[in-house]
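Data first, discussion second: the structure below is written as structure tokens.
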Amino acid sequence: MASVLAELPRRSGLTLSVLAVLLAVGVVTNALWMPASEQNWYRSVAYGLPAFEAGNWWTPLTGTFLAEQPGHYLPILILIVGGLGWAERTLGMRQAAVVFAAGQLFAIVGAAALLAVLRPTGWDWAVELATHYDVGPSGGAFACAAAATVTLRSPWRLRARLALGAWVGVAALFIGALPDIEHLLGAALALAVMPLLPRYRRPLSRPSEREWRLVAFSGLVVIGAVQVIVNLVNLDGPLGASTASLALWGDVALDILVISVIGHGVRRGVRLAWWGAVILALLNQLQLILLILLFVLTGESVPGAAFAAASSLLWLAQLLVLLVARGAFRVPVRRRLRHPGGSAQSAPEQAAALLRSTGGGTLSWMSTWRGNEYLFSRAVPDGAPDAVIAFQRHAGVAIALGDPIAPAERVGDVLRDFAEASQRAGLTPCAFSVSAAVRDAAPEDWRSLQVAEDTIIDLQTMELRGKRWQNVRAALNRAEREGISFRLCRLSEQPWAILAQVRAISEQWVGDKGLPEMKFTLGGVDEALAPEVWTGLAIDADGSVHGVTSWLPVYGADGAVDGWTLDLMRRRDDGFGPVMEFLIASSALAFKEQGARIVSLSGAPLVNSSDAAPGPIERVLGMTATLLEPLYGFRSLHQFKAKFNPRAEPMFLLYRDEADLPRIGIALTKAYLPDASLRDLVRAAS
């Protein structure tokens, strides 16, 4: 905290100075506790069209550091910190000062000029507003906030501009007070000019499907919110006074109902939802046409007609967006990721064949498990697939499992194909538990978050010597004394008596957890029955099974098995104590004799032993791990694996947008616990 306070004068000196001047002027003029507009000097320092007509050219300076009412100081201070403070930290002090001064001056002079042009038309709103004075720095603060958006990355840049533009635009249209016009002009200047500066200029490009969907969805939300607010609050702006009526409320209720039904589909790019939005926009245009015809034929307007017409204009803008962006809404109601790899029945075999020929990561064998879907990719349009991503879909998210099975030089292209296919299907793409190499090869606009650590034993250098291996050696020696033998076998080839014991041990373990068996990256007995999977058994002289482990093959780039990944870990409750230490050590020694290079003890979910300071998302993951620890013991398991002195390799979640993380979190929960009900989760949490 002390270091942060020490840096404030250096990083936010301009903002602190403006805040200090505002408060000092408020104290000197008594404006902090007495309305400035009621004091006799107010019109000499306030700006506005009357001030310029009176020759008070200094008012843009004197009026900037005041607030009209004592209650305005708090929102103004917040606006200065949020607008000017943000610009100063991202653009620098000098550029922020220029933006603030230029935006404030343009807002003040521009509003006065606009009213001077509109007043001769006799428009009641313009005539009235042309007599108003104003004070405060809000025009410059809005300009700073708008300018700072150029430093954001996509898609947050678009989101911030949409939010800011909607705020100032709707306020000017429906409220239309002098400050609202100034806010609109200040923000508009910065939004228009900043992207033209060489430092912030970006190549012109057509918005992506994702951005179009975002714009369309945001438009629906804004229109719905505006219609409700206009009918709840009495407004007197450019369109006259708002008048709520039963008929208008019925119209608004219908719009809100339809928006709530189609909004999610529009955000996902569903074609049927797009048609619903287009029809709703057309109906609102029909309302505008009827209001105009009524006024032309009778010379009278219904109460609230002006505000209804303004809402129809918003719907017109929404309709134009929908029509221009129609290509972004092609997702059928039943979403599918189409792949060129053949039938769904043959896809697992094709994925396994690619894995054997291309190689993969420590989790790649899981791609062959039931419950996965497959997206195949071709380097040559008419060639055979040379890469595949196994994924599962949950909660509108396509979760790629582990590293793509692809040549190293094709990983980035395969992830890009996966993202595009997911987007066409209206799904949010992510890749779970990928290696650092895949993270580095991912497209530039993807983000990463460490979600686990893989624990690797290098068999070439593994020797059970020294104090570090004392516990493991003790387990092996005790097993020999107590007559526990090790059997490395194919579980599918074992007699029924052994298989029945393995199933009983597994079912007992699952029953003790209070939640259904976890899946996704955690296999069970069924997955251990695959002929390619080795199983380690601890058996006593009576033929009783005390523990079981299963090992998944890890294929190298040459297609040969390069190592093995630990999957299933089950022990009998009343069995041999250090059975897991015995099984893992015995398996590792056996694999070393076979010539394997590595053994992976698999990733420990939600574990991060990095020394780097955790960010907000990492802190949330840490809290999640703490909550799940009593149920699944991820951290305890990670500490147990440390007995084997492995090296840690980070495993990452790849995603495109931080806003997707809540949905991805829900999807991962469903992937790991597809059979868990809400009652199960509540009971476990309690």
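Glycine residues also receive a Cβ, built from the backbone N, Cα and C atoms like all the rest.
Computed from a predicted structure; not experimentally measured.
The feature transmembrane segment is assigned by TrEMBL to 12-33 (among others).
According to TrEMBL, the transmembrane segment annotation covers 70-87 (among others).
The transmembrane segment annotation in TrEMBL covers 99-118 (among others).
Under the heading transmembrane segment, TrEMBL lists 130-150 (among others).
Outside the transmembrane segment (162-178) by six or more residues, the chain places 48, 111, 125, 129, 132, 134, 142, 145-146, 149, 184, 187-188, 191, 214-215, 218, 222, 226, 229-230, 235, 237-239, 242, 307, 310 with a CB less than 8 A from a CB of the stretch. For 162-178 (among others), the entry in TrEMBL reads transmembrane segment.
According to TrEMBL, the transmembrane segment annotation covers 184-200 (among others).
Per TrEMBL, the feature transmembrane segment maps to 212-233 (among others).
The transmembrane segment feature in TrEMBL is assigned to 239-262 (among others).
Under the heading transmembrane segment, TrEMBL lists 274-298 (among others). Within the chain, the transmembrane segment (274-298) has long-range Cβ neighbours (under 8 A, six or more residues past its boundaries) at 216, 220, 251, 255, 258-259, 261-262, 265-266, 305, 308-309, 311-313, 315-316, 318-319, 322-323, 326, 329.
Taken from TrEMBL, the feature transmembrane segment applies to 304-329 (among others).
Positions annotated as domain 'Phosphatidylglycerol lysyltransferase C-terminal' by TrEMBL: 354-655. In this model, the domain 'Phosphatidylglycerol lysyltransferase C-terminal' (354-655) carries an average pLDDT of 88.
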Please give the sequence-distant neighbours of the transmembrane segment (212-233): residues at least 6 beyond its ends with Cβ less than 8 Å from one of its Cβ atoms.
155, 158-159, 162-163, 166, 170, 174, 242, 244, 248-249, 252, 255-256, 259, 262-263, 266-269, 274, 277, 307, 311, 314-315, 317-318, 321-322, 324-325, 328-329
Range from 12-33, 70-87, 130-150, 304-329 with the greatest count of C-beta pairs under 8 A to the transmembrane segment (99-118):
130-150
Counting Cβ pairs under 8 Å to the transmembrane segment (184-200), which of 70-87, 130-150, 304-329 comes out on top?
130-150
What residues elsewhere in the chain lie close to the transmembrane segment (130-150), defined as a C-beta under 8 angstroms and at least 6 residues from its ends?
18, 22, 36-37, 42-43, 45-51, 63-68, 72, 76, 79-80, 82-84, 86-88, 90-91, 96, 99-104, 106-108, 115-116, 118-119, 157, 160-161, 164, 168, 177-179, 182-183, 185-191, 194-195, 200
